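*Asks:* As listed in TrEMBL for this protein:
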- Gly12, Pro13, Val14, Gly15, Ser16, Gly17, Lys18, Thr19: GTP binding site (BINDING)
- 8-179: domain 'CobW/HypB/UreG nucleotide-binding' (DOMAIN)
Amino acid sequence: MTSSPYRVGVAGPVGSGKTALVDALCKSMRNDYSIAVVTNDIYTQEDAQFLVRSQALLDHNRIVGVETGGCPHTAIREDASLNLVAIEELETRFDDLDLIFVESGGDNLAATFSPELVDLTLYVIDVSAGDKIPRKGGPGITKSDLLVINKIDLAPMVGADLSVMDRDTKTMRGDKPFVFTNLKISQGLDTIQQFIQFHGRLPVTNLT
């Protein structure tokens with residue numbers, strides 16, 4: 001391809017399902033697009049290793065782990081150099097890339113990506129943290145391009161009211177889109193994929 005690959009940032013608190021989302025998107029889209037992934041962890045490459053073991057992408061060289069060694073938001077916002085170097089290396093290694101996912105380390109609701117690092121931001125929260133999370137606000141909730149509310153299957157177990165989350169999310173985000181998901185059964189995954197395809201102007205193929 002002649003243009004730069006479309007970069008999608010995936011952020012959210014620890015345990016919300018960021019890696020599960022990247023894993024699911026890679027498996028759903030890898031037959032139709034040339035994809036690479038950059039993951040961020042503070043002291044390990046745990047998320048990258050999970051994606052390799054899961055065979056999210058069949059060529060493990062397409063998955064790179066960045067050890068940030070500090071606050072996760074710094075590596076995606078204030079000083080994105082480590083991630084930019086990783087992206088440049090992937091673009092050199094694979095000159096046909098259509099799409100690069102950049103997964104941040106787990107962080108708080110204030111985490112945002114630098115616009116020089118990604119073109120589109122997905123922010124993942126989960127129901128198990130309680131139905132109060134959307135109304136807490138923060139840039140992840142209010143400014144992300146797409147808010148993903150994951151693990152909706154856990155709502156009855158933690159006493160979370162999805163209708164409250166729906167109402168509060170609309171209040172906090174206005175017209176910005178959001179989606180409820182249960183990634184264990186791929187519920188909502190097609191909506192996220194279509195969102196990426198539309199905004200990235202990727203050729204649309206049949207969803208799996």
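Cβ coordinates are placed from backbone N, Cα and C, and glycine is handled just like the others.
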*Asks:* Hey, of the binding-site residues listed (Ser16, Thr19), which one tops the CB count within 10 A?
*Replies:* Ser16
*Asks:* Average the pLDDT scores across the domain 'CobW/HypB/UreG nucleotide-binding' (8-179) and report the rounded value.
*Replies:* 93
*Asks:* Around the C-beta of Gly12 (GTP binding site), how many further C-beta atoms are within 10 angstroms, looking at every protein chain?
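*Replies:* A 10 Å sphere around the Cβ of Gly12 (GTP binding site) contains 26 other Cβ atoms.
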*Asks:* Check the binding-site residues Pro13, Gly15, Gly17 for other C-beta atoms within 10 angstroms of each C-beta and report the one with the most.
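*Replies:* Top count of Cβ atoms within 10 Å goes to Gly17.
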*Asks:* Can you name the residues of this chain that are 6 or more positions from Lys18 (GTP binding site) yet have a C-beta less than 8 Å from its C-beta?
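*Replies:* In sequence order, the residues whose Cβ lies under 8 Å from that of Lys18 (GTP binding site) (at least 6 apart) are Val10, Ala11, Gly12, Asp47, Glu103, Ser104, Gly106, Val124.
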*Asks:* Return the residues near Val14 (GTP binding site) by Cβ distance under 8 Å, restricted to its own chain and a separation of at least 6 in sequence.
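*Replies:* Val14 (GTP binding site) has long-range Cβ partners Gly106, Asp107.
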